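Visitor: Dropping a structure here in structure tokens format, bear with me for questions.
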């Protein structure tokens, strides 16, 4: 590959932007200004109104429940269900997805907050005895600051990736990878809520196999289960599952789904307050929910050096889930989603939300399906759901202070059933594409055994190895066994029925040899393959930038360039 060298007379031409071009760029950066003046009020307003109220009602229990996953007070889940929605309403390009709190993002935030603010750092010893206690107030404040900082940093990453047109990265987030990852993350979510359902306090583990250690610790503590908390959990599970089954049976007869989660938390709060669960049965409750909104504050920049990897993982996961759902519904309803603008929109949601002490958001499949099924056609429905959340934050939120945390934990785990149904993907992929099945299984295993952030990086690396073809790579094929002699080795090339193989097939197919740079080499060290893959990715991105720059330049200056200048320009680029 040769570097692009632009002629001097080309570079001397000043870059300029016409009025229509500037207007088009501005409207593409703020999509609200493009579609809102064209909003069909009579056709869509009723559906968007019903949908907005329905989704806003869902935000209340989900926001409070997912705040537990993030290890922050429930009110911050309500903040995360308000500010980002308004920002996405202005800058987002999908008409149907419902942004806000999401289980996978919340558990990733929780892994950061609990790692950087563990119980051991807030132990206070009494002066007159050997007893100690945990300074809960200081710990909560530290975790709130950590969650806001990592959210802000992940938003900055998304903004930067969007500005450099890095939306093509979604190419490497295949559907088997995303579904395998969310299924593995659902296991982490479920295990993290067991302590609230049993009323126990297991130790927090980090690093590889932390999930296994947590499960073993939970099992060892089952003898100390809080009976009151366990009864609340069992009753809530029975009622919630039964109500959801009734809801699904009556789905075609009802204009809007029954808000079973909202009804559950209202009844649970009333019963807990009436019988004083907190005092009589030592059931842990939500606690104080302050009314009103928090003023914006800058995040603690001193914390960001310890969370760069976590923030980047949040940025990639949040974007991957949002763009996957966005493209699915855009294809179904006949419009386009701008992948780069989605990066910018989510980046603004997280960076601005971080200053309002929100935690990282993405989009939720359950809320999105409710938004569509109740008649939502545009992001007006999202804006109306934010209005519902504003009413809750200003006047209603404090009524749920006696809500048992076990109820929120049950709501989280019951709502994971959609993710657990993704296990059926394995049988389907086995019949259609075994390489995709391998990606799904490896992603799931890596996510379960490692933390979600490390598991994501390993899964993406594994997925890339299944699709990338190395330039200069020759697969030798013969109808019989071949013996190829070099100076030092004799290599056997077995017969294969395909003329082209992906890297992962080479790695996992014994006896194969490849021609790399006109030399016959056995596949013995995967490090060689990884280095070539990295080089290929760099070259691909360079080509990508050059290609878009050439298109932009030609569109802007074609009329002003002479025929000879265009000829010189075309000779300035040479690629191999």
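Cβ from N, Cα, C; glycine included.
TrEMBL lists these features:
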type	residues	note
DOMAIN	47-443	domain 'SLC26A/SulP transporter'
TRANSMEM	64-91	transmembrane segment
TRANSMEM	144-168	transmembrane segment
TRANSMEM	210-243	transmembrane segment
TRANSMEM	255-273	transmembrane segment
TRANSMEM	311-331	transmembrane segment
TRANSMEM	343-361	transmembrane segment
TRANSMEM	381-400	transmembrane segment
TRANSMEM	435-450	transmembrane segment
TRANSMEM	456-476	transmembrane segment
TRANSMEM	526-543	transmembrane segment
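Buried or exposed, and what's around them? Tell me for each listed feature.
Guide: With a cut-off of 8 Å between Cβ atoms, the residues of this chain six or more beyond the transmembrane segment (144-168) that come close are 70-73, 76, 109, 112-113, 116-117, 297, 299-301, 303-304, 307-308, 310-312, 314-315, 318-319, 323, 338-344, 346-355, 357-360, 544-545, 548.
Sequence-remote contacts of a segment are chain residues at least 6 beyond its ends whose Cβ falls under 8 Å from one of its Cβ atoms, and for the transmembrane segment (210-243) they are 187-188, 191-192, 194-204, 258, 260-261, 263-264, 268, 277, 280-284, 404, 406-407, 409-411, 414, 448-449, 451.
If you look at the transmembrane segment (255-273), the same-chain residues 6 or more away from its ends with a CB under 8 A from one of its CBs are 50, 54, 57-58, 60-62, 64, 232, 236, 239-240, 243-244, 246-247, 283, 285, 370, 373-374, 399-400, 402-404, 407-408, 411, 415.
Beyond its flanks by at least six residues, the transmembrane segment (343-361) meets 29, 67, 70, 72, 76-77, 79-80, 83-84, 87-88, 91-93, 99-102, 105-106, 108-109, 144, 147-163, 166-167, 293-294, 296-299, 314-315, 318-319, 322 of its own chain at Cβ-Cβ distances under 8 Å.
Same-chain neighbours of the transmembrane segment (435-450): 174, 176-177, 179-181, 183-185, 187-188, 208-209, 211-212, 425-426, 429, 456, 458-459, 462-463, 466, 502, 504-505, counting only residues six or more beyond its ends whose CB sits under 8 Å from a CB of the stretch.
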Visitor: Quick test of the contact rule: Cβ under 8 Å, at least six residues beyond the ends. What residues does that give for the transmembrane segment (381-400)?
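Guide: Cβ under 8 Å, 6 or more out: 47-49, 51-53, 55-57, 59-60, 63-64, 74-75, 78-79, 81-82, 85-86, 88-89, 98-99, 265, 269, 286, 288-293, 371.
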Visitor: Is the transmembrane segment (64-91) packed against any residues at least 6 beyond its ends, judged by a Cβ distance under 8 Å, and which are they?
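Guide: Those are 29-32, 99-103, 106-107, 109-110, 113-114, 140, 143-144, 147, 189, 192-193, 196, 265, 286-290, 293-294, 341, 344-346, 348-350, 352-353, 356-359, 361, 379-380, 382-383, 385-386, 389-390, 392-393, 397, 400, 403, 405, 408-409, 411-412, in sequence order.
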